[in-house]
Amino acid sequence: MKSIFPGPPSSIQAWIAPYLTTLNMYELSKHFHVVLGASLFYQFLFIVSPFISKRLFTSYLTLNYPTRIKWDVHFVSIIQSILISCLVLRCYQDDKLKQDRLFGYSAYRAVKDIYSLACGYFLWDTITSFRYISLFGVAFYLHGMAALSVFLFSYKPFLMYYGTAFLAFEFSTPFLNIHWFLDKLQMTGGLCQLINGIVLLVVFFLVRILWGLYAAFNVFSDIYYNLSIVPLYLALIYLTANILLNILNFYWYSKMLSALKKRLKDPKNYIKNI
């Protein structure tokens, strides 16, 4: 499996390595340039979104400022989710991680590059969610923090095997973003949104609810049966993050179902708050 990005510039690795070594995360120094570069790339997409969006969609110009910010965040999110969904399929080929689900470290640079790409996005997402916390609420900020911590600690290494399981959540994100965009493009209640909404509900349930619970159960089991060798702080971080992510998934899915009920009761008044 070929690497996706070139190796780290020696100057950047030399600068960051001592700090990461104190955290027992030296391996991250070999991929820190990807994390940083990915964050900057997503910020670039956020900045250029208004220029692209207003040329492609005239509806963008009619949106108020808070909604434009949300649009730009969704613009970044849909690109990231499609990108990571395509790349994560390569990670399932890693037999070395299957041999040690707790402390295994991938032999493939490509897998570590994909995890770094995810770290970069969740770093950007955490910062952006905090910056606009009044728009997105605390839940999105906590989601970003939880996801970022899980993927960063995989470079200790710890539970890198399960990274692919949770990146699978992103399979549902493009449909969620499409649903939101259709609403803002005045296509609410149309056939296109109805079809996308059905696909969204099905995929979200499969990857975030069913698969999410299954993956979380396996994480809990692996940690529980190996408590003698798993550092307590890591166990607490991962268990807390997993519980939080699953609660948020159930919360968001309940909102989708609630919105669907409103549509069934009044087809003319379709979902605008998913």
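Glycine is no exception: its Cβ is also placed from the backbone N, Cα and C atoms.
What TrEMBL says about this protein:
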- 32-53: transmembrane segment (TRANSMEM)
- 66-265: domain 'TLC' (DOMAIN)
- 73-92: transmembrane segment (TRANSMEM)
- 132-153: transmembrane segment (TRANSMEM)
- 159-182: transmembrane segment (TRANSMEM)
- 194-217: transmembrane segment (TRANSMEM)
- 229-253: transmembrane segment (TRANSMEM)
The transmembrane segment (229-253) vs the transmembrane segment (73-92): 3 or more CB pairs under 8 Å: no
Among the ranges 32-53, 132-153, 159-182, the one whose Cβ pairs under 8 Å to the transmembrane segment (73-92) are most numerous: 159-182
Contact set, same chain, for the transmembrane segment (194-217): CB under 8 Å, 6 or more residues outside the stretch: 162, 165-166, 168-169, 171-172, 175-176, 178-179, 182, 242-243, 245-246, 249-250, 252-253, 256-257, 260, 271
